[in-house]
Amino acid sequence: MRDVKKRKIAHEAPEHGSDTESTSSHKSVAQQDDPLETQDEATATESRPAPKSFKDLGIIDQLCEACETMGYKAPTPIQAESIPLALQGRDLIGLAETGSGKTAAFALPILQALMENPQSFFGLILAPTRELAFQISKSFESLGSTINVRCAVIVGGMDMVSQSIALGKKPHIIVATPGRLLDHLENTKGFSLRTLKYLVMDEADRLLDMDFGPLLDKILKVLPRERRTFLFSATMSSKVESLQRASLSNPLRVSVSSNKYQTVSTLLQSYLFLPHKHKDIYLVYLLNEFVGQSTIIFTRTVHETQRISFLLRSLGFGAIPLHGQLSQSARLGALGKFRSRSRDILVATDVAARGLDIPSVDVVLNFDLPTDSKTYVHRVGRTARAGKSGVAISFVTQYDVEIWLRIEGALGKKLKEYELEKDEVMVLAERVGEAQRQAIMEMKNFDEKRGTKAKKFGKGKRSRDEMDQEEG
C-alpha cells in the first residue's frame, strides 16, 4: 500500500483523520470509492523561513528571469511548498484556491526538467474548460519564452484537422480538455503519448464535477506508468481521492487552505434583500453606483445571462455575456474585451467563477445566488485578488433566504446588508421596464437561433466537445 504524505505550511491548521492510496495497478476512477484508510503524514514541524525568491526554491536563473518579466516578485505559498518537491521528482497533490499561483507551481518544474531533457510530448496538462486550457498554455509560453517552448492547445469547438497538424509538429507541451484529447488519441494517425514524462490534472475537482471521470480512465490507460503526475484541486472530495489513487505514485500532499470557505480580508461582502420582481431595477441602480468599475454579474442560467446583457446594453452599459453555449471565438472575445476594459461589465454563468485569468475585477454582483457555498466563495474570489480590495454584493429575494443562511453558515459569519435608499432605486422603474421589453424582443431572436441550431445537430448524448465546455 503506497502512502500519501502530507506537507503543511505553518499557517495551516492541523488536520485529524487521514486517507490513503491504492496499489499500483490501474483502477478506474469509478471503482475507487472504498472507505479511506489510515496513512502516514509527513508534516513540516520545524519553522522554516519563507523563500524570498524562485532561486531559493531551486529554479534556474533562466526561468527566474522569466518569472521576473511576468511580474512574479516572490513565490506564493503553493509555489513555495510545491516546487522543491516537484524538482525532487515526486508526485504531488496540491490543494489551493483559484488565484493562488498554481499554474507556475507546476509549469516551472516541468520547464526546468524539459531544459535538462528536451523532447516532444514532454508534458500533458488536462483542464476542465477551454478558457483555462488557453490560459495555461499562455503561461507556459511566457515562462518558457527563453527556451522556445512549443505548446499545443487541444480543446473542443476547434478544427480537428488544424489540431492534428499542430500535434504533427511535435510540441513539447500539450494543454487539453479530456474529450478532445481522447478524440485525437483514438483517431489521429501517428499521435501517441507513450514517451510522456509529466501529467498535470488542473482543477481536478471540476474535471470530475463535469463527468470527465470515464474519459480520464481511458486517457490514463494509454499513458506510460513511468511518469511524474501532479494533481491540483481547490477541494479534496471523495471523487478526487479516487482519481488520486488511480493515477499518482506515492504522492506528497501540499495544502495551503485552512478553511475552504475562507475569503480574503480585503473583500467587502454584503447582501441586498429585495423583491424578486425588482431585481433588474436594483441591478441597474448598483451599476450606476459603480459606474466605470470592472464588474462581473453572476447568473444561474444561460437565458438570464443573455437577457441581462440585452437589458443592460439597451440602457447604455458596456455589458458582454459569457456562458458555455457561446462559440469558442465568442467566449475568448468576451474575455479579451473585459480584460482590456473595452467592456467593463461581464455577465456570466459559473463558467467564469474559477480558473480564468481576469487580473482586475472591482465588483462582483451575485444577481442569482449560487446553490452551494463553495461556488459562492469562488464567485466572490474573482475580486480582491493579489492584495487589492474588492466588493461583492449578493441579491437575496424572498425565495433565497434558506440558501443565503446556508452560505452565511459556511462562511461562519453574518454579512451586512448593503445600504441604499429604496425610493431612489424605484425612480428607475419606468426606464428599466422599457429596457425589459426590448430585452424580451431580443431574447426571442436569440432563442429562435438556438432552437434552429439544436434541430440542425439533433438530440442525443452529449458529445465530447460539449463536455469540454462548462455548461451554464
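Cβ from N, Cα, C; glycine included.
Here is what Swiss-Prot records for this protein:
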- 10-19: compositional bias 'Basic and acidic residues' (COMPBIAS)
- 20-31: compositional bias 'Polar residues' (COMPBIAS)
- 452-462: compositional bias 'Basic residues' (COMPBIAS)
- 83-254: domain 'Helicase ATP-binding' (DOMAIN)
- 282-426: domain 'Helicase C-terminal' (DOMAIN)
- 1-52: region 'Disordered' (REGION)
- 444-472: region 'Disordered' (REGION)
- 202-205: motif 'DEAD box' (MOTIF)
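Taken through DSSP, the motif 'DEAD box' (202-205) splits into 2 helix, 0 strand, 2 coil. Listed by sequence, the residues of this chain that lie at least six past the ends of the motif 'DEAD box' (202-205) yet keep a Cβ under 8 A from its Cβ atoms are 102-103, 106, 125-128, 132, 136, 231-237, 239-240, 243, 354-355.
Confidence for the domain 'Helicase ATP-binding' (83-254), expressed as mean pLDDT, is 93. Helix, strand and coil counts under DSSP for the domain 'Helicase C-terminal' (282-426) come to 61 helix, 25 strand, 59 coil.
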